[in-house]
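Inspection log for the structure reproduced underneath, given as structure tokens.
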Amino acid sequence: MVTSYPLPEGFSEFDVFSLGSCLLVEGLLGFFLNAVTIVAFLKVRELRTPSNFLVFSLAMADIGISMNATVAAFSSFLRYWPYGSEGCQTHGFQGFMTALASLHFIAAIAWDRYHQYCTRTKLQWSSAISLAAFVWMFAAFWAAMPLIGWGEYDYEPLRTCCTLDYSKGDRNYVSYLIPMSIFNMGIQVFVVLSSYQSIAQKFKKTGNPR
């Protein structure tokens, strides 16, 4: 028998059901589409290039996000988080790590496109594998910090999934948020914008980005 938990104040059954439905669609659709990318990379020999390995890695990260969303959808339909505090920490870590990795791979792909089109430098396998390994380790490092006390994972307002607790404004949280945002978001946005801007400028000058 499933224990019934009251909803947080200000939320209705419709809110919980709507959230769960959106997360379920996001999770299943994201899993399927990214799985297609992964299978294509593994099955089609012509697609197995260093540049496409970054796209493959991005799909792996996005599948992790989709799995995280599916777990949150299930708990939303239950109306409570059934996995306890340790499950909350694991869910928060896995979701945050894959989200950060996804941002890094988007920037890495933009950086690779810049070199392909603007410097005509092709990515080598050794560089692609090293870059992917660094991205996963870097994302894991920042996602692990809340587990050891720098930042914190906690329940979302509906208490049906867990993520970085953004409601706190103490010194510990601020000292984590600022460098995390710079190294995991600010730099990535700069790389993406500057890379594609350079490609666009080359296209305007030559009429052909290649």
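Residue numbering: from 1, along the chain as shown.
A Cβ is built for glycine as well, from the same backbone N, Cα and C atoms used for every other residue.
Caution: TrEMBL annotation is automatic and unverified by curators.
The annotation transmembrane segment is assigned in TrEMBL to 16-42, 54-81, 93-111, 123-145, 173-196. Residues annotated as domain 'G-protein coupled receptors family 1 profile' in TrEMBL: 33-210.
Within the same chain, residues 51, 54-55, 57-58, 61-62, 64-65, 67-68, 131-132, 135-136, 138-140, 142-144, 146-147, 153, 162-164, 184-185, 187-188, 191-192, 195-196 sit at least 6 positions outside the transmembrane segment (93-111) and bring their C-beta atoms closer than 8 Å to a C-beta of that stretch. On the 0 to 100 pLDDT scale, the domain 'G-protein coupled receptors family 1 profile' (33-210) averages 91 in this prediction.
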